[in-house]
């Protein structure tokens, strides 16, 4: 992988990792368009740029994260379903990975967002701060996050949907989703890096480093912009976007 490809994929990862649109789907499509070889190193590269995106959330929310143990306890509770199911079903989840799965998950997730916004258009949300989230809500959101083990579902998408159903307002649902990414993705990416460490070499460290830094920068931009957007608008544009992207996926990859 050359530096140009590393920059492009870093931008795509950073912009999409925390939006409810499936970063996996975007990385697959862009890699196909650029003709990037889907080898073992490519998998390791994707894991490393995910790590860059995660660190952006740590940087942006550092004050809240270090304000007390309560938030960490809630994140730990929310992580339990994904941690347990991920450990038990790791091989089965990896076997689900296919472009067709991603495409259909994108479309279905888009429909869910549209239906949810229609049903909740006049709803008064009962939880208007991350601090007001209870442990039961945290655990329930954790089960929604487990759905993201299906490729294309989007981790942020599934947790935001869960938050909205449980009564979190849009911004709080997004913020808790971002915070929950920290334990979830640190552990998942750490394990995957360990499993794929044999693909690392001196020759490809520059691409890894560039992609990591680019993903970090663009993830910070995306998270800030997304929170501003969702404070004023709803998730309908993301639902429509997911459906369109899923259809493009199906046509481009000759799945229909």
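Cβ coordinates are placed from backbone N, Cα and C, and glycine is handled just like the others.
Within the listed segments 96-116, 117-137, Swiss-Prot records transmembrane segment for the stretch 96-116.
In Swiss-Prot, the transmembrane segment annotation falls on 233-253 of the listed ranges 149-169, 233-253. Within the same chain, residues 27, 30-31, 34, 36-37, 41-42, 45-46, 49-50, 52-53, 56-57, 106, 109, 113, 154, 156-157, 160-161, 177-178, 181, 204, 206-208, 210-223, 226, 235, 238, 241-242, 245 sit at least 6 positions outside the transmembrane segment (1-21) and bring their C-beta atoms closer than 8 Å to a C-beta of that stretch. In this chain, the transmembrane segment (233-253) lies out of contact with the transmembrane segment (172-192); the count of Cβ pairs under 8 Å, excluding pairs fewer than 6 apart in sequence, is fewer than 3. Across 41-61, 69-89, 96-116, 207-227, the stretch most heavily in contact with the transmembrane segment (233-253), judged by Cβ pairs under 8 Å, is 96-116.
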